[in-house]
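Read the structure below first, then the notes.
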Amino acid sequence: MIGKRISGRYEVLGLLGGGGMSTVYLAQDVILDRPVAIKVLRQDFSDEDELRKRFQREALSATSLVHPNIVNIYDVGEDGDLQYLVMEYVEGQTLKEYIKDYAPLDPAEAVEIMKQLCSGITAAHIHGIIHRDVKPQNILMDRGGQVKLTDFGIAMALSATALTRTNSVMGTVHYLSPEQARGGMATKRTDIYSLGIVLFEMLTGKLPFSGESAVSIALKHLQEQTPSVRALRPDIPQSLENVILKATAKDPAARYPSADAMLRDLYTVLSPERADEAPFEPPPIDEEATKAIPIIREEPDTENTIASKPVAPLPKEPAGELQKPQKKKRKKWPFVLAGLLLLTLIAGIVLYITGVIGTRQAEVPDVSGMTVEEASAELEDSGFLSGELNEEHSTDIEEGSVIRTSPQAGRIRDEGETIDLVVSLGPEKVELTDFTGRDYESISDVIEDYGFRKVEVNEVFSEEAQGTIISQEPEAGEEVAPSQTDLVLTVSKGVEMIQTENLAGFDEQQLNDYAKRSGFNIRIVAEEASGNVEAGRVISQEPEAETELEKGSTIEVVLSKGPEAKPVKTYIQAITIPYEPAEEGAEQAVEIYIRDNSRTMDEPAESFAITADETRRIRIEISEGQTGAYKIVRDGETIDEETIPYE
């Protein structure tokens, strides 16, 4: 069923639980986009007219109940052979689980829960519906502490004339009212009895009646008074114990007349003025009155269920005139006759058991895990005949082997009786849902409900949002047996985050290399003068170094264009170089050296020869705060030099 879509609307996501006649799944309503619970009539019952009608009665009666303490029914329908009803999905736990974890509960908390239950039961009774199976397993608690009654699967609509006193009793034996145990008609006060048992269990963490069999427990409901809560918890006020005693009175007439009356009593039950009220005493029952004697049998194939029909009461002898007692002689023959009859009965039982008379009986053997041939041979060796072969999926028993017998192994049956076999089809295969594109955390419970042998989650960096399932193996749509399948999911870790480097001093080539290596985009946004950073290299960056960024992010940088230019002054200096040769008419070599913004004294700015005095003009450019200079060298001898300040 998991992965199927019912009526084109409800996508089945996982298994929530099951009952005697139905299975409950978690599903998604794809039209209203909300989670729902779908109760589906079990396939092996879908062909049984009686059970199908009971399932339909449940749906029709429950749809009229709209109350905050009753699970809502949204839809009822059929899809091929499937009959289903769609219910509100309550995320939380059952009251039974809550009791197991936290009982005994504080009186105030138990009373608050009971108020909600009484309110829900009152609404059902107003609509003419009796639950008949009130128990903690049928009470859901959401995460906010609100309780909701569910599973009106055995509820009886009082207005439905088709239901009569002969209906089977379906209640769970630990919460069964005395009238249900004797096969009588369930009334509104039947639910009140079960509410009293639930209140007892919440306050003590125990059930009032227990036994080795359903029959023994049912007899205690019939014959024994409800144990004192105060004996187990002296801190419980007498007024609260009285609520339990009144709700669980053996005589329905002694109980609360309605769930609403019980609700009103609960509103004041913890009031200080009621702490010392007298213990509740139910009105006496006429023990001498003729009663219907119930026939209670423990059904072999029904767990915790008592089903019986009332036996007609014995007729009373007509009341005649009172006779004056007469003294009579005792006769011995009646006692002798009774003794003979008793001996005959004992002898008959012994002969029956030993097989001398009557049908021999034997224990149904355990043939689970055997092949059909082996199981049939084992049954024949035990004196039974092999019956029908029914098939069922199983995760524990391999395909083709026997899961169980019907009747179950260990039951005592007449030799020669036919024993049916339930044979394994192996694990049930389901169509795998498409998990891709969904958030892993939000559907992890759904994945767990599949029951895969192993779920492997591999995380990778991706453009998808963190936690998104990117791929799955096996792929969606494949038919798999979850218990024999490993599911591999690739889940996104989000976009990879990278720490930026310090780019100060990088030139353009180095920036290009870093962009390729890191996956970042580098953008030059400006050039600024710098006296410290060489022109063409990075002065600053945004975001700054060691910042975590997504791969593909942009880093903006500012480059240096060198020192900022200072004001420059130009000096024109006229110099005269005298001609003083050692020999008349010989040339003299002259070199002029200049130091300014663009020249140094390392090399001559001009070189030439003279044969007479010569005047030259030199140009010197000096920046603010600097000085300039020149030097005249003639035939290797400095004949003039001067330093020129910036003025």
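Heads up, the Cβ atoms here are built off N, Cα and C, so glycines get one too.
Please treat TrEMBL annotations as automatic predictions, because they have not gone through curation.
The following features are taken from TrEMBL:
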| type | residues | note |
| --- | --- | --- |
| BINDING | LYS39 | ATP binding site |
| DOMAIN | 358-425 | domain 'PASTA' |
| DOMAIN | 426-493 | domain 'PASTA' |
| DOMAIN | 494-561 | domain 'PASTA' |
| REGION | 302-326 | region 'Disordered' |
| TRANSMEM | 333-353 | transmembrane segment |
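Secondary structure by DSSP for the domain 'PASTA' (426-493): 14 helix, 25 strand, 29 coil. Reduced to three states, the DSSP call for LYS39 (ATP binding site) is strand. Sequence-distant contacts of LYS39 (ATP binding site), defined as residues of its own chain at least six apart whose C-beta falls under 8 angstroms from its C-beta, comprise SER22, THR23, VAL24, TYR84, LEU85, MET87. Across the domain 'PASTA' (358-425), the DSSP tally of helix, strand and coil residues reads 10 helix, 28 strand, 30 coil.
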